[in-house]
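Note sheet for the following structure.
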Amino acid sequence: MSGSVRMEVSPPPSGLEAEYETLFTTDSLLFLHELISTFDEQVDQVLRLRVSRKVHLDLSGDLPSFLEHTSDIRRDPAWRVLPVPLRLQRRHVDIGDLAPSDTQRFVEALQSPAQGIQVDFDDGNCPTYYNQIKGMHNVLKAVHNQFPNVPHVSQAPVLMLRPRAWNMVEHNMMVEGKEAPGPLFDFGLLMFHCGKTLFENKSGPYFYLSKVESFMEARLWNKIFVWTQQKLGLPLGSIKATVLIENILAAFEMEEILYELRDHSAGLNCGIWDYSASFVNKFGHRRAFLLPDRSKYVNMEKRFLRSYMELLVQTCHRRGALATGGMAALLLPQDPLSEPYRRVLATVTRLKLLEIKAGVDGFMVYDLNLIEPMQTLFRLHTDGDNQLHQLRNDVSVTPEDLLSMPSGGVTLYGLKYNIAVGVLFMNAWLSGKGHFFFRGQVEDSATAEISRSQVWQWIRHQTQLEDDSRVVSRRLVTDLSREVMVELSALGHNVGAKQGLHTAADMFLEVVLKRDFPEFITTYLNQDHTFLSSQSSAQVEAQHRHTHQSKL
């Protein structure tokens, strides 16, 4: 191509040569090249806007509020998003955190009675080259009905595809001399290989959009959707996307986000841990925003989280969009007759009933055995396919409501719990996994975000422990991390990988002791030498076997 290398693709990971050849055809690479080179500069722009906004908040000491220059959009009662497609109208229970590279779990999900599957290339997935290619190929197989004993794509749970967020890059693809944005790599390959078939089967293409912080980012996604539909010959509005409101700044722009995506909206989603962590990300150095121990003082009943959920439901339903709740991370014990089983089911039921009463149209579970009990809960407490008729006119949320920190302190238990979750998440990433199980529930990058954010913030503000008045300091966290390591080893968390756990603990301490708060743990890890070298040793072997460096 006129003497320049327009695009470079790393050779296939070991054992995925056939999958690689299926995904990276000449046509798909041409499409990816065009998609990425068209939008690359705009991706950089939205990331720069994030930086400038954070700098403005830091320098001015201001707090966010509803935007004045978009008040016309909020005041206009007439506009609506396009009607919800038939396949999305009744989606009470989605399976969350489903990393599609886990073939067995993916097939079990496709065979399950769930209404939807969050096919996750983001929070519940570790974005190794192997996992991305294996996961994409599994989606392609599901869409083209290549798995035996799995319902046809038009009958199986609907696939809600979640590409990586804006902050992630794909190290294995260079376009015009730059690493490719992770979300465009994921979205482009999924759309190229699956978009048309999903559309023809009235089953997509549907997406979850992670970590959107402003309506400008929603506007960019909308432009990408319009461009892609034109390129692939799909009608405008074929793509539908649910935006995850995982950031305090986005909570002030929910109507504007819906407005920007009004032809492509499948609604908004609210979660708890990424959203709570965003307070530390944006205001963590301010003592007024000290977030207390999450294990004791932070839940959806607290004013700042309840207000956010109610505002999200009200905003969506007012505009004809679906509002969905977060994921139940608890795992049911094996024996359905046991007391622990009853206790876990009662806890999940109580928390999910709060969301149903708030008016949500659906939510997620991780444990497949929770699907039917939660579908029953919806049938008992709601009428019809969804709760779009619940307009929540009783709700009036102010900026003060959204920004009110819950009262409470820090416990030794909570500090050690956060250290354990952070270390185990890093350990999982080093072994190529995006989530793990700990103390009866699933943990992923969202819980790792809140865990390491809290430890960083408690050190920064020299917070005292409730238990014994010790101050949270570098010394205390270092000592406790050693204690936690011993406890984790006793629980069998380091079987065959003791060195990995030690490396993860060192990396965790590095993150929580930084002078400036690293914005995303996933970005930090994705650019970390230890993580990259754990991937590249596998890549070097593949390189020797597969000499062509790129297809284009």
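A Cβ is built for glycine as well, from the same backbone N, Cα and C atoms used for every other residue.
TrEMBL does not curate its annotations; it predicts them automatically.
The active site, proton acceptor annotation in TrEMBL covers R162. What TrEMBL records for D444 is active site, proton donor. TrEMBL lists 158-404 with the feature domain 'Malate synthase TIM barrel'. Look at TrEMBL and you will find 411-527 tagged as domain 'Malate synthase C-terminal'.
Note: the Cα of R162 (active site, proton acceptor) and the Cα of D444 (active site, proton donor) are spaced 15 Å from each other. Taken residue by residue, the domain 'Malate synthase C-terminal' (411-527) breaks down under DSSP into 73 helix, 9 strand, 35 coil. Within its own chain, D444 (active site, proton donor) has D97, D123, G124, F425, G434, H435 as residues 6 or more apart in sequence whose C-beta sits under 8 angstroms from its own.
R162 (active site, proton acceptor) has a Cβ environment of 28 other Cβ atoms inside 10 Å.
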